[in-house]
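Undergrad: My questions all concern the structure below.
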Amino acid sequence: MPKRKDIQKIMVIGSGPIIIGQAAEFDYAGTQACLALKEEGYKVILVNSNPATIMTDKEIADKVYIEPLTLEFVNRIIRKERPDAILPTLGGQTGLNMAMALSKAGILDDLEIELLGTKLSAIDQAEDRDLFKQLMQELDQPIPESTIVKTVDEAVTFARDIGYPVIVRPAFTLGGTGGGICSSEEELCEITENGLKLSPVTQCLIERSIAGFKEIEYEVMRDSADNALVVCNMENFDPVGIHTGDSIVFAPTQTLSDIENQMLRDASLKIIRALKIEGGCNVQLALDPYSFKYYVIEVNPRVSRSSALASKATGYPIAKLAAKIAVGLTLDEMINPITGTTYAMFEPALDYVVAKIPRFPFDKFEHGERQLGTQMKATGEVMAIGRNLEESLLKACRSLEIGVCHNEMTSLSNISDEELVTKVIKAQDDRLFYLSEAIRRGYSIEELESLTKIDLFFLDKLLHIVEIEQELQMHVDHLESLKKAKRYGFSDQKIAEIWQKDESDIRAMRHSHSLYPVYKMVDTCAAEFDAKTPYFYSTYELENESVQSNKESILVLGSGPIRIGQGVEFDYATVHSVKAIQKAGYEAIIMNSNPETVSTDFSVSDKLYFEPLTFEDVMNVIDLEQPKGVIVQFGGQTAINLAQALSEAGVTILGTQVEDLDRAEDRDLFEKALKELGIPQPQGQTATNEEEALEAAKKIGFPVLVRPSYVLGGRAMEIVENKEDLREYIRTAVKASPEHPILVDSYIFGKECEVDAISDGKSVLIPGIMEHIERAGVHSGDSMAVYPPQQLSKQIQETIAEYTKRLAIGLNCIGMMNVQFVIKNEQVYVIEVNPRASRTVPFLSKVTGIPMAQIATKLILGQTLKDLGYEDGLYPQSPLVHIKAPVFSFTKLAQVDSLLGPEMKSTGEVMGSDTSLEKALYKAFEANNSHLSEFGQIVFTIADDSKAEALSLARRFKAIGYQIMATQGTAAYFAEQGLSACLVGKIGDAANDIPTLVRHGHVQAIVNTVGIKRTADKDGQMIRSSAIEQGVPLFTALDTAKAMLTVLESRCFNIEAI
């Protein structure tokens, strides 16, 4: 069927900020879809609130709106643009929920707008638990016994009938939010109560638990002519009971017989046809390992995290084709872009194994609840490709960047057998390493299977890895053992460890015997047809399929898996850098390990290597491709950390040189550089042990800010008040980077701002200064940032620009640089300098219109700012006000304290832009879900050092009609100052303590601060977590509360009696 001519203008809804459960895969899907629709000649309108995405670049759609994804704003845009149709299936759960809301509000009918891709009835049937159950019964598809409940009592009655364990799944929530497995009535009551609150329709599904079954996923496509196919089938290493986003996954399925595969395939195709989905769809099934019995778990009627993985695992561009199907094209008339000859109707065939391992944030959140269940906790994931399962698993392990180069954590060798068995049974994020340790200790795989319900096939592969380790131990320097280990994915580093040698010795031994990896192409058809894609993975076999071209090439290192502190912003910079390299006439090569992102889309670069970002893997690509040089400044800390070793191996690092990177990172060198340049910084010292640190703190005076050098996202950074806390910090935190000393700085409590600059070594372009709303002490990634600055005098802005120029030239920066400043008493201090692209690059590029990463790349390749038509110094300011606001995922992470501080905690960001600060703030708060009602009750519980400041806020809240409530100490202080506040009870005082009031909906907002000492107060944490659970706006920094107040006041009319 040819494409539709009756529609011209299509609106695509994006997925908003990155949160746990909805990450960069939707940027990849949305970007592909917009480009595919433009390619077919449609006018595309995009709405998304997340500036850190490629999808919100001007060239991706005809019109791009970076506005809050709320009914109020989307409705306005629709009325302004009048699209003929809306495509909601590429915006994750956010997109689907928005489509449902627009329909319920009558907007779609009113303006005669059609929904493309998936009909509303299908979204309803897949998402509404009752309708889904009815449909499965009609299709004779088995589902676990279940019931829909609207109260906790109904849940208890049902569970008594069918017996425990049961699973609770709230309707219309994302990433299993609010759900869980309950093995007792007590757990059931707690989880159901929370689940009902989180479900927008106040309903939960209670179902019999099938934990322990194999979890299998099918990624399917269907078009309007009812052609349907399976793109990829995937098998979870972990059995049912752990969210698929938190499971290790292999593609294709590894343990199914042909009969089982066909049975589940038929079920998946039957379901997509019954739902009449036009586009992509993901079906999750549970298979009994001991019979042919299976259950359908759930269906996602949209592009999902699994479809991004399936696209990268097979090379089949699901989102692109889904967008074209939505406008009427069919699978049998679209060419598969990978082969360029076969049609999209061909099911991909794989002659390799793909492994995906999730990346968790527990290196940042040491107190977080690490046990895995039906609620997702991973922030990102890595993928690796190999010719056997062992190879792909080990490559994925070393892609994770958690300090391991193998499926082994050395720290586990000291734990007791008892602890080991507990950790093997109760799955945590690192269970793979505990399982491997158990096998090394001689536990039989049969025993482990009965404890974990993980298939023997997988455990046998882990045993095989251990057998190869033992073989290496017995045959040191043996070439055949080396060859075998390399074939199964062992790294040089691991082999060196076993043979007690240096990694370079193993590399030399490989080279002397011509033992190099070859690169195989990902071609969707198991090499049956010729493919034209430049998409490769390494393996130790004979035939190499990647040929060096005769064009000069440049290698760009990506940023690996998404984690807190290193998000999609770095991928954004990577993609832009590649565009500039191609424009300059070079061949652009990307190396990365993250399946969710735009950078690993094979159509972005001239060549893509899907490989771990380790020294060995990068060097292997360099040996083959012989690029002119490598760019490391766009890949976050991941790429910067490789610069030293690559440079020592003789590789040309383009842009800022390694010794200059070192001058910015190494404390003593940095201090020396600042002194030479005459730039003030907070007084500070380095320390390598406890005595030195105490001595430094004594000299500088408390409070001090302590942190390890060479880290990203404020990892292990703390503000310390006294000697005892400093000792405690050194004993627990310094392990963050063993060979580098820690830094002890005077802590200046002032206004913070940051600058991104681009330098060619002689002149420096400063696109803009971003002023932080929160004062120093809150990590820059967690602060709200305003551009252009609203409260900095012209003189201070000039000083900042001057210092930035001096730094860029003094540190020989070529390309990007980020500088953070703190201002106190009109004095500007430099806190830190990062000679690389930072997380503010996409935001600043969008609001200034300067394609910063592209310009930086051109400078790295030898052009000057003057060549490109840019002046030296601060770029003219934008007339609008733009705000970047952080977005957190605390609802997904139990036991993680939501208090803001110097260690970064946000997972994503949104942007609000308008003609005034108040309007821009309003949009930013709406976009990050901090909607505050116009009146209600607000609770203050404030540390002594900020009570005076809180008082003036409380007075302003009262003036606009809020009722003030406060805890004992705060209420007493307010009363002394003439402001009466309702007293709330102490924690544990069942009737009116804060958590109880919050639970009953009596509180609209909470302002809760702790002293500089930031002691982990149990009560405060309970108050904060109750606010997070119930979705009540919580302010842990007075500056944020002040910003919100500004918005409320601007929307308030003055009402006075005459």
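Just so it is clear, glycine is given a Cβ too, placed from its N, Cα and C backbone atoms.
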Undergrad: Look at the ATP 2 binding annotation in Swiss-Prot, where ARG707, SER746, ILE748, GLU752, GLY777, VAL778, HIS779, SER780, GLN820 are given, and name the residue from GLU692, GLU721, GLU832 listed for that site too.
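TA: The candidate from GLU692, GLU721, GLU832 that Swiss-Prot ties to ATP 2 along with ARG707, SER746, ILE748, GLU752, GLY777, VAL778, HIS779, SER780, GLN820 is GLU832.
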Undergrad: Suppose you look only at the region 'Oligomerization domain' (402-546); what would the mean pLDDT be?
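TA: Mean model confidence (pLDDT) across the region 'Oligomerization domain' (402-546) is 95.
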Undergrad: Validating a neighbour-count step here. Other CB atoms within 10 A of the CB of ASN300 (Mn(2+) 2 binding site): how many?
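TA: Total other Cβ atoms inside 10 Å, all chains included: 23.
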Undergrad: Take the region 'Allosteric domain' (930-1058) and count its residues per DSSP category (helix H/G/I, strand E/B, coil), listing them in that order.
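TA: Its residues divide into 57 helix, 21 strand, 51 coil.
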Undergrad: Of the binding-site residues ARG129, ILE242, ILE748, which sits closest to ASN834 (Mg(2+) 4 binding site) by Cα distance?
TA: ILE748
Undergrad: Treating G and I as helix alongside H, and B as strand alongside E, what does DSSP give for the region 'Oligomerization domain' (402-546) in helix, strand and coil?
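TA: DSSP classes over the region 'Oligomerization domain' (402-546) add up to 78 helix, 11 strand, 56 coil.
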Undergrad: Based on DSSP, name the secondary structure state of ARG129 (ATP 1 binding site): helix, strand or coil.
TA: helix
Undergrad: Rank the binding-site residues GLU215, GLU298, GLU832 by the number of other Cβ atoms within 10 Å of each Cβ and report the first-ranked residue.
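TA: Of GLU215, GLU298, GLU832, the one with the most crowded Cβ is GLU215.
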Undergrad: Measure from the Cβ of ARG707 (ATP 2 binding site) and count the other Cβ atoms within 10 Å, all protein chains considered.
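TA: That number is 23.
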Undergrad: Go through ILE242, ILE748, our binding-site residues, and report the one whose Cβ sees the most other Cβ atoms within 10 Å.
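TA: Compared across ILE242, ILE748, the most Cβ atoms within 10 Å surround ILE242.
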